[in-house]
Amino acid sequence: MTITYSCIANGRAVLAELSLTGGSYQEAAATVLRMVLLRAEPKTIMQMGSFVYHTLFIDGITYLCATDNALDTITPSAFLKNVSDTFLRNPLMSQEHFSPSNAVAADFQQVLGKYMMQYNKNQGDSSISTLRSQVTEVKNIMSKNIDEILENEERLNIFTDKTNDLQTTAKESQKTRKILRRIWWKHFRKIIIITVIRK
C-alpha cells in the first residue's frame, strides 16, 4: 500500500496538498470533500477509480489521503491522525480565517511530504514483517495439523485393533454358541430318549 496523495481542506477549500505521483487527484478529491461535508462523519473510506480515499473530519477541517490498496485501513488512519495532530498544534490554526494563501500551506506541503514518505517507507518494513509473521503463522498451523494427523492416525490404529479384537471375540462367541447348542441338543435328545424309554 502506498499513500500517493494527501491534502488538508477547510470545507471545500484545499489548504495544502501534495501528490507523489503524476496523477490528477483534484477532481476526485473535490468529490470526496463534497461527500465528507454532506455526511459529516468523522472517518470515511471511498473507492474512486483505482484509488481509495481515506478521510478524517475534525472541526470542519478534512484530512484526506489517497492509497492504491483498499485492504489496509490502519496505515492511512494513522497517517491522517498524525497529520491532524501536527496541523492542530500549529499556532496559526487559532486564527479564525485560515486562508490557502497563508505561508502555513507551503509548510504543510512539507509536513504532508514528510509523513507520506515516512508511512510509505514503513510499508516496506511492515510488509516484510507481516510476511514473516504470516509465514510463521502458516508454519505453526502446519505443525499443529501434522500433530493432529499423527494423533488421529494413532487413534485409528487403536480403533482398528479394537475392531479386530471384537471380530475375533465375535467369531469365538459364535463357535461357543454352536458348541453349546450342540451340547444342549444332545442333552435334550438324551432326555427325550430316556423319557420315551421309561414309558
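Glycine is treated like the rest: Cβ placed from N, Cα and C.
Predicted automatically and left uncurated, TrEMBL annotations should be read as such.
Here TrEMBL flags 2-112 as domain 'Longin'. The annotation domain 'V-SNARE coiled-coil homology' is assigned in TrEMBL to 127-186.
When DSSP labels each residue, the domain 'V-SNARE coiled-coil homology' (127-186) comes out as 60 helix, 0 strand, 0 coil, counted as helix, strand and coil in that order.
Across the range of the domain 'Longin' (2-112), the DSSP-based residue counts are 44 helix, 36 strand, 31 coil. Here the domain 'Longin' (2-112) has a mean pLDDT of 80 out of 100.
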